[in-house]
Amino acid sequence: MISPFLVLAIGTCLTNSLVPEKEKDPKYWRAQAQQTLQNALRLQKLNTNVAKNIIMFLGDGMGVSTVTAARILKGQLHNSPGEESRLEMDKFPFVALSKTYNTNAQVPDSAATQRTQCNTTQGNEVTSILHWAKEAGKSVGIVTTTRVNHATPSAAYAHSADRDWYSDNEMPSEALSQGCKDIAYQLVHNIKDIEVIMGGGRKYMFPKNRTDVEYEMDEKARGTRLDGLNLIDIWKSFKPRHKHSHYIWNRTELLTLDPYTVDYLLGLFEPGDMQYELNRNNVTDPSLSEMVEMAIKILSKNPEGFFLLVEGGRIDHGHHEGKAKQALHEVVEMDRAIGQAGDMTSQEDTLTVVTADHSHVFTFGGYTPRGNSIFGLAPMVSDTDKKPFTAILYGNGPGYKVVGGERENVSMVDYAHNNYQAQSAVPLRHETHGGEDVAVFAKGPMAHLLHGVHEQNYIPHVMAYAACIGANRDHCASASLAGSPSPGPLLLLLALLPLGILF
C-alpha cells in the first residue's frame, strides 16, 4: 500500500505502471504537503462578511464512501488513475461531520414525519430557511433532479404528514376530509413568490388523465389531480402582471430564455423524477449544471441576494436500486454544478454548503490496485466460494443473486453496464440508507462555523446566521457598524429537522 502520509515509503520501488511518475519522487509529496500547509495557514484570516447569497447543495444519500468513489470516477473520466483527483467540494476549506439520526430512528428516512396522520400537522409546522430568506427580501430558488414535490425540495415550502402526498390522488380520503393539502398544491400556494423552481413532477400539476405534453401515449405520465385543478395556470395567475413569468417543460426552452427578462421561472422537465444523467435526453432534459446556471442568473438580479437549494436527488435512487454506476455519475454531475456555481459567485459574499441528508450501505474495497476501474473487479477471488467480486458492494439490496445454489459469478455478467446491480449481502427489493455521519463542506462567509461534529439541524442555523436572516440578528448591526458584517440563525430547512420533512 502506498500512502502520501508515509513519505519515507515513497522511495520504495513502485512497479505499478498506473502510478504517475511524479508520485515516485519523495520531493513531490513534500512539496504538496508544504503547499497544503501554506493554504491552511492562510485560513487563519476568517471570512466574517455578511453572506449576501446562500447556496445549499444537497446530495441525497451522498455518504462519505459515495464521495470517495465519485472522486475516483471523476478522475477516471479524465483518463487519470482517479484517486488523486479532486471534486469541487474537496476544494472547500472547511469540512465537518453531520449526524443523521431521526428523533425516533437510528438510521434515518428521508422524510421523518408521522406518516399519514393528517391531524398531527396543524400547530406543528416548522418554518424553513427559504421562508426566512424570502422574508428578508432575498430571491429564492429550488432546483432538483427529482420531482419538485419530492422529500427534499418540499421541505423548503411544504407542511405534510406524508412525503408521498405528491398530489391529492395519493392522499387518503380521511386526510382530504380533514383539510390536509397535497405537496404540489402547497408548492403553488404556500410561498407564492418563489422565483425559480426547476425539476420534474409535471403530472402532479394537472387534472386526472390529462395527456402529457412529451409522453402522449404513456398513461403513467398523465395528470393525477382529482380536484381538477391546473396548478400551472394557478401559478401563473399569482404572478404580478408587470412581472415576466415563464413555465417551460424542455431543455430547448430553458437554453433560449433570456434570464435578464425572467422574473419567475417554473421548469418541469419530466412527469415524475428527471432521468438519470447517464440516460438523459439532451434535447428535452437539461442537466443539473444547466439548471443551476440559469437559476443563479435569474436570482442574482436581486440586489438583496438570494437563497438557492440544489438537490442531486437521484444519487439516492441509484443506490436504492443497487445501480452504483448511475448513483456515482449523478454525483459527478452535481459536482459540475457546484463548480458552475463557484464560477458565477464570489466567496466574499456567497456562503456555499455541500452536504447530504444520509448515506447508504454502499462500500468499495478488496485491495484494488491504483487506477483500478471504480466499477471493476477486485484483484482476488473469494477464499470461500472461489468466485470473483466487484470492488463495489452493498450491505443489502436487489443485487443479491444466487445461481445454482451459489453466489452468482460476476465474471459471467456485464458488471460495467449502466444498470448493473452490484452484489449485496442481504436480499432486499430496495437497498437501505446507512446510519453513519455524512460530510459537510463549506466556503464563504462564516464557513468556519461548520467544523467538528454537529447535529444536522445546526447547518441551517449557520447559513441563516451568516446571512443575517432569522431571529437573533443583534450581531448584524454591530458588525455592520464595525465594517465587518455578520448574521442570525433560523429554524432550518424543514427538511433538516429530525421531525418534519427531513429529506
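Just so you know, glycine gets a Cβ as well, placed from its N, Cα and C.
The following features are taken from TrEMBL:
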SIGNAL    1-17  signal peptide
BINDING   D60, D316, H320, D357, H358, H433  Zn(2+) binding site
BINDING   D60, H150, T152, E311  Mg(2+) binding site
ACT_SITE  S110  active site, phosphoserine intermediate
D60 (Zn(2+) binding site) and T152 (Mg(2+) binding site), compared by Cα position, are separated in whole Å by 8
Here the binding-site residues are H320, H358, H433, and the Cα closest to that of T152 (Mg(2+) binding site) is found at H358
H150 (Mg(2+) binding site) sits from D316 (Zn(2+) binding site) (Cα to Cα, rounded, in Å) at a distance of 12
Whole-number Å distance separating the Cα atoms of H358 (Zn(2+) binding site) and the residue listed as 'active site, phosphoserine intermediate' is 8
Of the recorded positions S110, H150, E311, the one whose Cα sits nearest to the Cα of H433 (Zn(2+) binding site) is S110
If you tally other C-beta atoms within 10 angstroms for each of the recorded positions S110, T152, the top scorer is T152
Quick note, E311 (Mg(2+) binding site) and S110 (active site, phosphoserine intermediate): C-alpha atoms separated, nearest Å, by 13
Cα-Cα, H150 (Mg(2+) binding site) versus the residue listed as 'active site, phosphoserine intermediate', nearest Å, comes out at 10
Other C-beta atoms within 10 angstroms of the C-beta of H358 (Zn(2+) binding site) total 27
H320 (Zn(2+) binding site) to the residue listed as 'active site, phosphoserine intermediate', Cα to Cα, whole Å, comes out at 12
S110 (active site, phosphoserine intermediate) sits from D357 (Zn(2+) binding site) (Cα to Cα, rounded, in Å) at a distance of 7
